[in-house]
Amino acid sequence: MSTLFFTFSLLLLAPLLVISSIQDPELVVQDVHRSINASLTRRNLGYLSCGSGNPIDRLLAMQPQLGKKSPAFSYCAIGFGKNAIGGKNGRIYVVTDSGNDDPVNPKPGTLRHAVIQDEPLWIIFKRDMVIQLKQELVMNSYKTIDGRGASVHISGGPCITIHHTSNIIIHGINIHDCKQSGNGNIRDSPNHSGWWDVSDGDGISIFGGKNIWVDHCSLSNCHDGLIDAIHGSTAITISNNYFTHHDKVMLLGHSDSFTQDKGMQVTVAFNHFGEGLVQRMPRCRHGYFHVVNNDYTHWEMYAIGGSAAPTINSQGNRFLAPNEKYRKEVTKHEDAPESQWRSWNWRSEGDLMLNGAYFRQTGAGASSSSTYARASSLSARPSSLVGSITTNAGPVNCKKGSRC
């Protein structure tokens, strides 16, 4: 990597393009792929490194032994979702039954029975499980789903819905192959069930949610989005996740006409956007979005996009462009003529651009710190550290009775 150096060019009277030039592109790309392979190896070893430069992993590595509730776990959160406390003040609920999913009268010991309770709960799993739901899993507030110590998969059916609830932490879960559900009754609390229309088939759907933290999950191959946050959702952190094999990865904002999303604030940090991804990493509307210290190793159309004048603050990320000549641009300004999107506030600061990647800056530009104050949620680390920061992205293979 010593042969790498940056040159940023300013195009007069046009949106800014952030580009980097490298002396030997092939060597740099090979080095990045070696880094990715090493990260996968370390992840499978089953421990978190305090020296990775990742502040969440540093704190998680100091937590008590698995199987014991740690109130300090919630204090590991960073970014706009840092106030998500999950089930910190509640008892431990152990999921023992991976089957018997009854959407209306869930059986005690199932994940569905746990997430609908009115009280705060810290939900853990007795053993490795594959959970195939019959209807979407509608969560009540103040819940932590903690998959550490087991290999937990939610797949093959509808997946997770956070609907007008708050203070939810989802950690260490494999979420994949999520399907649409049909119309049907679903219980969302011990005392209420109601009729739900067909779901979108998202991995995690956040609808009017607040104080949400999704961390160290793997997400792939769902019917619609992997994570979608819409309808006034805010105070969200999406961190340390491993995204693969999907088209429309992450939607933040319901529609161009839904102006209630103007107050949305989302942090996307320390994630690895890996093989088989096409677009929306994320796609933003209206609000304020801090995209920081992520590793983008694959995209087919674009990485970061948006419409309806979102403020996007991209800092300290690593972007490895595809080899195809016309797919080098990181960004995509959508659903507006250039005369409009030129004024949208999108900046790239300290990002590492590889293999011809470039970021089209618009609006106030990188130097206007006040413009990006509402889209700033933590201090970015240097992009040269992204490989180590994201080395444990996705669920970590922790063992019960020991620290992660």
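Along the chain as shown, residues are numbered 1 onward.
Each Cβ is built from the backbone N, Cα and C atoms, and glycine gets one as well.
Annotation source Swiss-Prot lists signal peptide at 1-20, citing sequence analysis.
What Swiss-Prot lists as N-linked glycosylation site is N37 (among others).
Residues or ranges marked as disulfide bond by Swiss-Prot: C159-C178. Of all Cβ atoms in the shown protein chains, 28 besides its own fall within 10 Å of the Cβ of C159 (disulfide bond). C159 (disulfide bond) falls within neither a helix nor a strand when secondary structure is assigned with DSSP, and so counts as coil.
For N191 (among others), the entry in Swiss-Prot reads N-linked glycosylation site, with the evidence type sequence analysis. Within 10 Å of the C-beta atom of N191 (N-linked glycosylation site) sit 8 other C-beta atoms, taking all shown protein chains into account. Secondary structure at N191 (N-linked glycosylation site), as computed by DSSP, is coil.
Marked as Ca(2+) binding site by Swiss-Prot: D200, D202, D224, D228. Around D202 (Ca(2+) binding site), a 10 Å sphere centred on its CB holds 29 further CB atoms from the protein chains shown. Annotation note: D202 (Ca(2+) binding site) sits in a coil segment as assigned by DSSP.
In the three-state DSSP scheme, R280 (active site) falls into the coil class. In the shown protein chains, 26 other C-beta atoms lie within 10 A of the C-beta of R280 (active site). If you look up Swiss-Prot, you'll see R280 marked as active site.
Each of the binding-site residues D224, D228 was scored by how many other Cβ atoms lie within 10 Å of its Cβ, and the smallest score goes to D224. DSSP assigns D228 (Ca(2+) binding site) to a strand in the three-state reduction. Separation of the C-alpha atoms of C178 (disulfide bond) and D224 (Ca(2+) binding site): 8 Å, rounded to the nearest whole number.
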